[in-house]
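> Please read through the structure below; I'll follow up with questions.
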Amino acid sequence: MNEVYVFTSESVSEGHPDKIADQISDAILDAILAQDPKARVACEVLVKTGMVLVGGEITTKAWVDVEDITRHVIKDIGYNSSQMGFDWESCAVLSAIGKQSPDIAQGVDNQQTKILGAGDQGLMFGYASRETDVFMPAPIAYAHRLMEKLAKARKSGQLPWLRPDAKCQLTLKYEQGMPVEVDTVVFSTQHSPDIEHKDLVEAIREEIIKSVLPAEWLNDKTRYFINPTGRFVIGGPLGDCGLTGRKIIVDTYGGMARHGGGCFSGKDPSKVDRSAAYAARHVAKNIVAAGLADKCELQISYAIGVAEPTSIFVDTFGTGRLKNSEIIDLIHTHFDLTPQGIIDQHDLLRPIYRQTATYGHYGRESFPWERLDKVAELSKAL
C-alpha cells in the first residue's frame with residue numbers, strides 16, 4: 001500500500017465506567033476459576049451513581065464474595081470518595097446471578113464423546129502486523145500506552161489533580177503502510193475542580209503525551225485537543241452508566257481489524273467469543289512473525305456444541321509470501337482450534353483475566369496467546 005492516509009484509534013482508562021464493569025466481571029471470573037477451573041461463568045456488570053449490579057449465569061462449586069470483590073476493584077481503580085459520585089465503601093452492590101442453562105450445558109459438555117463443544121455459535125477475528133514491535137496496530141498500541149502513563153501519574157501522585165475517568169484518541173499518518181507521524185491527539189481526563197485548564201493542558205502534553213509518543217512522530221503540525229470542553233470534573237459512573245462488554249474495539253485492534261461482535265470480559269474460556277479470539281490473535285501473530293506476511297487477519301467460526309471450527313478465512317492484504325489457501329493449510333497443521341485445544345495450549349483455566357480488562361487484550365507479552373512458539377515451524381514453509 002503506497003498511498004498516504006490517516007487512521008484513528010481510541011483507548012479509555014481503568015476508571016471509565018465501561019471499564020469498571022469489565023474489571024469487576026473479570027475479577028469475579030478469576031476468583032471463581034481459582035477455586036473451580038471447570039466453572040461456567042458469564043458475568044455481566046452495570047455501574048451507575050452509587051450502585052453496582054452484578055448479573056449473569058454462573059455454574060460452579062466455588063463460593064466467592066461478590067460484594068467484597070466488587071468493592072476492592074473499585075478501590076483499586078481509585079474511586080474512594082463520594083465527591084466523585086462513586087465510593088467503594090458506600091456504593092450499593094446488587095446481585096442477580098443465575099445458573100447456566102442446561103440446554104447450553106449439554107451441548108458444551110458432551111458426556112457421550114467427552115469432547116468440549118463450542119459454547120455458542122459465532123465468528124471471531126485475529127490480527128497482527130509489523131508496524132510495532134508487539135505486532136499490533138500503532139494507533140491502538142500507543143493509545144493504550146498513553147492511558148497507562150496517565151494512570152501511573154495519577155496513582156503515584158505525580159499529577160495529584162487527576163481523577164480516574166479518562167480517554168484518548170490518536171490519529172496517525174501512514175506512508176507505504178507504516179506510521180510516520182502523529183496527526184492528532186485527543187485527550188480528555190477527569191480532574192479535580194481546583195486545577196486551571198491551561199495548567200492541565202500543559203501537564204498532559206508535556207508529562208504524558210510527549211513522554212509516550214515517539215519524538216520523531218511529533219512536529220509543529222501535530223494537533224492537540226486536550227480536555228477540549230474546558231472542564232471534566234463530573235465523570236465515572238456519576239457521568240455515565242457503565243456496562244460490561246461495551247468497549248470491544250478498545251479491547252482488540254482499535255478498528256484496524258474486523259470484529260465478530262462478542263465481548264470478552266466475564267466469560268470463562270469455554271466461551272469461544274473469548275478463547276477463540278485469543279487463539280486467532282496467536283495464529284495471526286505467529287504468521288506475521290514467521291515472515292509469511294506483513295499483515296494477517298484471520299476469521300474463525302463455530303457452531304454451538306461442535307468442537308471443530310466451521311470455517312477459517314485468511315487475508316494478508318497483498319503482503320503474503322504464500323497463497324492464503326496455503327497459509328490456511330499451515331493453520332490446520334500447526335494449530336488446534338477446538339475449544340479444548342485452545343484451552344490446553346494457552347492454559348486458560350487460570351485466574352489471569354482481570355489484567356486483560358484494561359489497556360487491551362493483545363500486545364502484552366505476559367498473555368499466553370502472545371507467545372511466538374510456532375514461528376520456527378511456520379517459517380519452514382517459505
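Cβ coordinates are placed from backbone N, Cα and C, and glycine is handled just like the others.
Pulled from Swiss-Prot, these are the listed features:
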- His16, Asp165, Ala166, Lys167, Arg231, Phe232, Asp240, Arg246, Lys247, Lys267: ATP binding site (BINDING)
- Asp18: Mg(2+) binding site (BINDING)
- Glu44: K(+) binding site (BINDING)
- Glu57, Gln100, Asp240, Lys271: L-methionine binding site (BINDING)
- 100-110: region 'Flexible loop' (REGION)
> Could you tell me the mean pLDDT over the region 'Flexible loop' (100-110), as a whole number?
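Value for the region 'Flexible loop' (100-110), mean pLDDT as a whole number: 55.
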> So if I draw a 10 Å sphere around the Cβ of Glu57 (L-methionine binding site), how many other Cβ atoms end up inside it?
16
> I need the nearest neighbour of Lys247 (ATP binding site) among the binding-site residues Asp18, Glu44, Glu57, Lys271, using C-alpha distances.
Asp18
> State the Cα to Cα distance, in Å, between Ala166 (ATP binding site) and Lys271 (L-methionine binding site), rounded to an integer.
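Distance (Cα to Cα, whole Å): 30 Å.
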> Using Asp18 (Mg(2+) binding site) as the reference point, find which of the binding-site residues Glu44, Arg231, Asp240, Lys271 has the shortest Cα-to-Cα distance to it.
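Nearest listed residue in space: Asp240.
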> Take the Cβ of Ala166 (ATP binding site) and count every other Cβ within 10 Å, whichever protein chain it belongs to.
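If we count other Cβ atoms within 10 Å of Ala166 (ATP binding site), we arrive at 27.
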> What three-state class does DSSP give His16 (ATP binding site)?
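DSSP call for His16 (ATP binding site): coil, neither helix nor strand.
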> Can you figure out which of Glu44, Arg231, Asp240 (the binding-site residues) comes closest in space to Lys271 (L-methionine binding site), comparing Cα atoms?
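Among Glu44, Arg231, Asp240, Glu44.
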> Find, for the listed binding-site residues His16, Arg231, Lys247, Lys271, the residue with the lowest Cβ contact count at a 10 Å cut-off, counting only other Cβ atoms.
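Output over binding-site residues His16, Arg231, Lys247, Lys271: least Cβ neighbours within 10 Å is Arg231.
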> Since the record lists Asp18, Glu44, Asp240 as binding-site residues, which of them has the fewest other Cβ atoms within 10 Å of its Cβ?
Asp240
> Do any of His16, Glu44, Arg231, Asp240 (binding-site residues) have a CA within 10 A of Glu57 (L-methionine binding site), and if so which?
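Cα filter at 10 Å returns Glu44.
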> To the nearest whole angstrom, what is the C-alpha distance linking Arg231 (ATP binding site) and Glu44 (K(+) binding site)?
31
> Work out the three-state DSSP category of Lys247 (ATP binding site).
coil
> Using DSSP reduced to three states, classify Lys271 (L-methionine binding site) as helix, strand or coil.
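Once the DSSP labels are grouped into three classes, Lys271 (L-methionine binding site) ends up as coil.
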> Rounded to a whole angstrom, what is the largest C-alpha distance between any two of the residues His16, Asp165, Ala166, Lys167, Arg231, Phe232, Asp240, Arg246, Lys247, Lys267 that the record assigns to ATP?
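With His16, Asp165, Ala166, Lys167, Arg231, Phe232, Asp240, Arg246, Lys247, Lys267 as the binding residues for ATP, the largest Cα distance is 36 Å.
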